[in-house]
Structure formats: C-alpha cells, structure tokens
Amino acid sequence: MSRIQYVDQVDQVELDQQQQPGSSSTVSGSTPPLQISPHGSPSLQQSQRLGKHLSKSASELNGHDCHLSESPHISPKRAKSAVAQQLAGVSSGGVASGVGVLQKTHGFFNNLRHRWSRAKSKDRLGRKSPSDFLEESTDYAADYSSEGSSVTHSPRHRSTTIGGSPLAREFRATAKMAQVIQRFGGSMEGRIDEHPENGSAGCSPPELSTQQQLEALQANELRRKREAQLRQFVFFQLRVHLKSGSDLVAMDKNGLSDPYVKFKVGGRLLHKSRTIHRDLNPVWDEVFIVPIEDPFQPIIVKVFDYDWGLQDDFMGSAKLDLTQLELGKAEDIHLQLCDSSGNGGSGLGEILINLTLWPRSQEDKEMHFQRNSKLAESSKRLKSQIWSSVVTILLVKAKDLPLAEDGSKLNDTHFKFRLGNEKYKSKSSWTERWLEQFDLHLFDEDQNLEIALWNRNTLYGKAIIDLSVFQRENTHGIWKPLEDCPGEVHLMLTISGTTALETISDLKAFKEDPREAQLLRERYKFLRCLQNLRDVGHLTVKVFGATGLAAADIGGKSDPFCVLELGNARLQTQTEYKTLTPNWNKIFTFNVKDITQVLEITVFDEDRDHRVEFLGKLVIPLLRIKSGVKRWYTLKDKNLCVRAKGNSPQIQLELTVVWSEIRAVCRALQPKEEKLIQQEAKFKRQLFLRNVNRLKEIIMDILDAARYVQSCFEWESPVRSSIAFVFWIVACVYGDLETVPLVLLLIILKNWLVRLITGTTDAAAHYDYEYDEDDDDDKEKEEKKSIKERLQAIQEVSQTVQNTIGYLASLGESTINTFNFSVPELTWLAVVLLLGAILVLHFVPLRWLLLFWGLMKFSRRLLRPNTIPNNELLDFLSRVPDNEEINQYRELPPSAPTDQTRNNPKKKLKGS
C-alpha cells in the first residue's frame, strides 16, 4: 500500500470528523474568523488558507486532497476556481472592496453547502472505510457455507473478495499496510511524520496520532486472527478458577461485607459462588466448568453483598472478553470492578480469576447436551455417569506441620481437598491424625487433586497430586510434602469404579492367560517361600451381579454399586442405575498380606451429594474361600446377623486365592495390621446387654470348671474323684514344664474328636441360623415389653456390672495396701509368710509341693469333713481394707463449739 493512499484515508476520516456538528473543524465554524487588515482587506496568510479550502471541489472531498511529494503517483494539479483567483489577486495587490469580501463569503458558504450535501449522500450510500470494515463484528454462527470455508469465503464477505469492487481494493490496501507495519515496526511512523507536507501544506492534523493509528491497526489485525481461529470450532468449555477478591467495598455497618460472585451470559446464570462472611479480601478458591457456544458473547461478572432477609447489595461488575484468551492456556486475570453506570475505580476493588478456554468438537457438543438434557434416553441408565472413575481417599495423618506464631502447635488444623468441581473438608484435629475416608469423582478433563492445609481461616500450605500417573484398581500409600510450608500428609489413595469397557477390571474385556496363572502359582511355591515374606498371597475376585436387592428410591428401584475391602485396600464397581438386579461384571485383584484377613463386600445405593444407603453386606474369611467356584452368597444386614432387606438378596461371586503357607505362618506371628477406618461405636442398650451376656457366659464357664474341680475334691462322684486323684499324683511325679502344652493339646484333641464324631463341619453357619431365629424372637419380645420392664432389665445388668467392677477394684486396692503398711500387723504377717515360702521353695521341689497340696485337698473331705472349703490367699486379702474402708476408718479430730460456729457462717449470722 502506498503512503499517498494511507494519507488519503486519514484525510477521509478527518473530513468525516469535520462534517459532524460540534467538532473542531474549519467547516463547522471553528476556523478563526477572517481578520481584516488595516487597509480593509484580509491578510495574505488568511487569503491563502481560504483559497486552499475553496479550491477543493466536491469531487475532491472523496479522498485525495493531500499529496506527498515522495509518492510515485503524483496527482495532476487542479485548476484554481474563480474565487480563488480573485482572492489571490486581492492578496497580491493588498486592496479589496467590501463588496468583494461579501461575494467571496457568499461563494464560500455556497461551496460549503454543496460539500455538506455530497457528504450526506455518501453517508446514505453506506460506504465504509477499511477501519470501519475491520471494526465490524459478525455473528459467530452466521456463516456456514461449508465445513472447511474460512471467514472470507462466507457470503457476508464477498464484497471484500471481488476483485473489482472498491471495498476489495480498500481491504487489500489495508492488509498490505498491516504487513508493512508488522515488517518495519516503528520506522514507518517516523517516515510519515517527517514528511514536509504533514501539517504544513494545508492538511489539518488528525485527532489521533500516527502511533495510535498504527497500534489500532495492529490490534485489529490480531483480533481478526483470533476471531478466525475461534470460528474454526463450534463448541468450547471454559474452566473458571475463582480465586479471590481484594479491596472490595464495605456494604455493612460494621465496615465489612459478605461477598459472593455471579457469572452470567446473556441473562442466564452460569455459576454462583459461596458467600464469604465478613471479609473484604475473600478467598473463594472455587473451580467450575461451563459450556460456551458463542465465545464472542462476553461473560458478566457481578459481585453482591449478602443480606439476610433483604435484597442483596450490588458491589460491582466486570466483563470477560473470551476472544482475548489463548486456547488451552490458563491465564490469570485481574478484573477491576465498576459500578452499574460503567464507571470503574480503585475503590470498588478487583477479582482474581484463572481462565482456560478449551475447544471442543461437534461430537463433544452433542455429548454434552445429551448428558444434560432432561429428555435424553429413558433407559435403565437414565442417570448416565459423566465421571470416569471414583477416587477413594483415606486421610491418615500428617507430620512436621508448621507451628503457630507463639511456637505452639496449631489447634484447629484441617485439610481441604478439591478434584474438579467437588470438594471435601476434613474435621479439625490438633493431634495430626484424622482417619477420615471419602470419595471424589474423577473426570477426564481435570485429574489434579489439590490439597490445602488450613488452620481456621489461614492457608498454610498446598500440594497437588497428578492422578493420571497412578495405577487403577489399586490402593497406594502416599506421603506428600506440602508446598510453601514444612510438613507431609499421609494418604491412602485408590482409583476404582471405572466405567470404560476397555479397562482391565471389566470381565467382558478380560481374557485369562494360562501362562500368567502358572507364573502366579510358581511365585508362591515352597522353594520361593522365603523371598518376600510380606507377600503372603494373591486374591482374585470376580463380581458378576446381584439379585433381590431392596428398593431404595421412590420409583421402586435402586442405583446399586459394590464396595470390596481387604484390610485397608478398598475397591468398588461402577453404579448400575434404576435396577434391582445389577450386572457389574468386574474383576478385582488384591495383594494378601495376612491370610487370616476377611474380605468385606458391601452393596450401597447411590444418592445425590455423595450420600449412600446400605443394601447388604457380606464377610468372607480368606481361609474359607474355595478357589474357582462361582456361587451365590446371601447378603446380611449391618450387624451381619440376619438377612438383609429385600427379596432374598444375593450376590454372585467367584473367588480365587493363591498363598504361601510358610509366609502365612511367619506373618501370623507378627502384629496384625490395624484397620484405619472403623465404625465408631455408639452406646446402644441392646448392644450393652449383649456384651454383658457374652462376658457373663465366659465367667460362668470358668466358674463351672472350678465347680467341677471342687466336686472332685469333695468326692461327690467316687469314680471321678479316684481318677482325678490318680491323674494328679502321676502328673506331679512324672510331670514337667512340657506337661502344660500337653494338657492344652489334649483339650484341642478332645474338641476335634467331638467334631469328627458328631459330623459338624460348619458350626458357625448352624449358629447363624439359630441366632437369626433367636434375634427375631428377641425383637418380638422387645415389642411386647413395656418401658418399665426395659428399664428394669437395664438396671439389673448395670447393677451386676457395678458390683463386679467394685469387687475387682477392692481386691486390687487390698493387694496394694498389703505392701504399703496400711495395716502394719497384716503387712508383717505377709513378710513372715513370704520368708517361709522362700525357704520351702528353696529346699523342697515344686512337684512335691504340688503333690502335698493335692493330697490336702483330696483328703479334706475324709480327714476334716466339717471344714469349709476356702482359698487361703483370698482369705488373707479379704482382711486387708481397701481405700474406701480406710477412709471410713479415719477418725475426725475433735473441735470446739467456736470452731463449729466459725466453720458454719449461716449459724453465726442466725445467732447474731
């Protein structure tokens, strides 16, 4: 593009500005008035200026009235008009009459009126300059000539692409000028400004400088490229991270505000943030994703102050121009808030947000609106899952956390987790140990788990975990260091519940490899039993489906999913919607660390807001598993006592366990792995009574054994006492320390023989059925009992527990008081007895002492039939008082009446 064409465009813009009323142009009347010389004629300079303006004809106002001498194309000089020649003659002679001045003025205004009418006719024609064409915006989805057509191929822009049209010439000239500007940078500006005819040859200077016009052309060209790039996509997703606000305006009487933010597009609400109470520098820290169909439509951001029961106060607003964003790149934006009239100011504050605009295809658009449409397919997967996996997080503990300003521990420490749009806040703890478990849903777009350490309202540190690097269907123990502060957090993380068919956990895509099965069996052979002692075995669980589940929803259906737990490892299936007979068809694998562990299988119903309802539970010890057998298991209730609700609910499983016996034996002699998440026990009347009865049964068994031995001493059955007497003598004469385990082994052998003879192979299962019947009977009896009877039963059990605890406490205190001279006489007696025991045990073997003690017990009935059977040690301790008795034996010091009056101020006032 030549420079003369550029200056012609500038003159055209200047002429349009001159034709507007109120502008500072010579045509509108801002030209300084004609000054008459002392001789009664205009000055020479004013005459030349007036002649230059009058020499322009109406046709010359179309664009070419200023010429650059350096231009290669010089326009021919125009002939001066008659008025101009007369003015020139007047200026040369210096004499003019008053009539000549009036004629010249009259001709000037006629010419001005002619040019004004020509300008108005051009405005009606609607001809636009290149700058107007660049500033014109088009509707986003208006042109769809073809799928591969660009913006200039659309019918709306044919006027700029036809080679012979004036608009096409202007469009090409503007594009060429932009290329020159981009190539030479600021050198072009200097050349135009340095031209001798700029501002000195009669051309009035434009309102905008050349630098500003060049920047405007560059900005328009960049905007045009971005718009062309945006038009290549039909759908977008905008990720908005609302971080914080600063220096917001105070709307309440206390000098604070309760701000929240609304995001709107075309009057439609996209998102509403939570309210931060009493804060002018709020930290929302919220992330959400919204669909964008028209990126040329700005997003309106409004901030309000929440008022309970009243209308919320407006605090400021701002606009988001999505065309300024780079696709796929996260950008931090500071939004300066302005009032409703559009006047901004530092007093209204600003909002800090992070934006990422992702382009999406037509298929993604259809899939998005199909998921969100209420009239989508109404099959059994009506509530189709849009998440890909479930992330189960167990917050265990933290260490080396920062200290408070005074050097003490933080007393209100908690963690906040965020995965996409979902968030979780843990409980506050000052012990740095939480043991909380929760689930978050994993989406394909965002797989970064954000962790933040808070103490009250203060943020101390953050950490980000990339979930894409972790193996699915496996539990991982993680120690994650925190950023911006010292400390680490311990997590147990599991990614399960995958819905894709191509995952390894899907039975339809699973093909059993005989070579892998053989390698798995060889890993736990006897020859390799000492290689890795912690790897006890391998468990494979195939979950096919369930039937007869209870209806948890209003429509008589449920949304069941299955959770499998082995120790602290936790996996789960996907959710099957609107069914009572789900088919999960999943396969899971567990690393067995202890063969004595149990596999817990629980079926839940999924509700909104991550809430679940219990449908059934099953517990299977690993030692009872029959490998490779596909069978149905009955689901039980929460207490694992009776059948769960529903139509005989069952679950179909196939379990396979491979383990090493030597490793299992070594592991059984080590501490058992503690399960981190356990259900918190609450006080229940029935549970309390049941536990007391269990303890009572054990105590009664011990008492029965003691009575059996005492009956042998009392010769209630001569045959039984004779056998016991002979057995005691033989054991004392020939017995040794190995006799103790031999006796225990004989007890086990006796129980095994009883089980073998009676043929009972599964006593636990038989007990479950009886327990179910007893439990049903207990429920019926409980319903018939009155409140008085229930309270009386609780009172009796509580009294028994109270007396037992009191007896044990008294016995322990008496033993302690024996050694601390609470009763000196009894303590010295204990000293004498202990000295005698030392001498006897030193000179007499233990077996002879036991033999003598047995003879005394067996002969008491024969030699001393009237004596009362007793225990000498308990008889001695019963003579020693406990702490309560010592307090009761203590004497009070005698006191005078004056002391009593002084100690009782009420009596003193009454007497006075």
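Positions of Cβ are set from backbone N, Cα and C atoms, glycine also.
Per Swiss-Prot, region 'Disordered' is recorded for 1-80, 145-165, 887-912. For 38-49, the entry in Swiss-Prot reads compositional bias 'Polar residues'. Look at Swiss-Prot and you will find 218-337 tagged as domain 'C2 1'. The Ca(2+) 2 binding site annotation in Swiss-Prot covers D252, D305, D307, D313 and rests on sequence analysis. The Ca(2+) 1 binding site annotation in Swiss-Prot covers D252, D258, D305, D307. According to Swiss-Prot, the domain 'C2 2' annotation covers 371-493, on the basis of sequence analysis. Annotated domain 'C2 3' per Swiss-Prot: 522-637, in sequence order, evidence recorded as sequence analysis. Per Swiss-Prot, Ca(2+) 3 binding site is recorded for D553, D559, D605, D607. Annotation comment: Swiss-Prot describes 729-749, 826-846 as transmembrane segment.
Counting residues 6+ beyond its ends, the transmembrane segment (729-749) has Cβ neighbours under 8 Å at 847-848, 850-851, 854 in the same chain.
Taking D258 (Ca(2+) 1 binding site) as the reference point, the binding-site residues whose C-alpha atoms are within 10 Å of its C-alpha, out of D252, D553, D559, D605, D607, are D252. Cα spacing between D305 (Ca(2+) 2 binding site) and D605 (Ca(2+) 3 binding site): 39 Å, rounded to the nearest whole number. Other C-beta atoms found within 10 angstroms of the C-beta of D559 (Ca(2+) 3 binding site) number 20, with every protein chain shown included. For the domain 'C2 1' (218-337), the DSSP-based tally of helix, strand and coil residues reads 16 helix, 56 strand, 48 coil. Counting every protein chain shown, the number of other Cβ atoms lying within 10 Å of the Cβ of D553 (Ca(2+) 3 binding site) is 14. Spatially, by CA atoms, the binding-site residues D553, D559, D605, D607 include one closest to D252 (Ca(2+) 2 binding site), and that is D607. Broken down with DSSP, the domain 'C2 2' (371-493) shows 5 helix, 64 strand, 54 coil. Broken down with DSSP, the domain 'C2 3' (522-637) shows 11 helix, 58 strand, 47 coil. For D307 (Ca(2+) 2 binding site), applying a Cβ distance below 8 Å and a minimum sequence separation of six or more within one chain yields D258, D313. Taking the mean position of the Cβ atoms of D553, D559, D605, D607 as the Ca(2+) 3 site, the remaining residues of that chain whose Cβ falls within 8 Å of it are A552, K557, S558, P560, E606, V612, E613. Considering other CB atoms within 10 Å as the measure, the emptiest surroundings among the binding-site residues D252, D258, D305, D605 are those of D252. Cβ neighbour count within 10 Å across all protein chains ranks D313 highest among the binding-site residues D313, D607.
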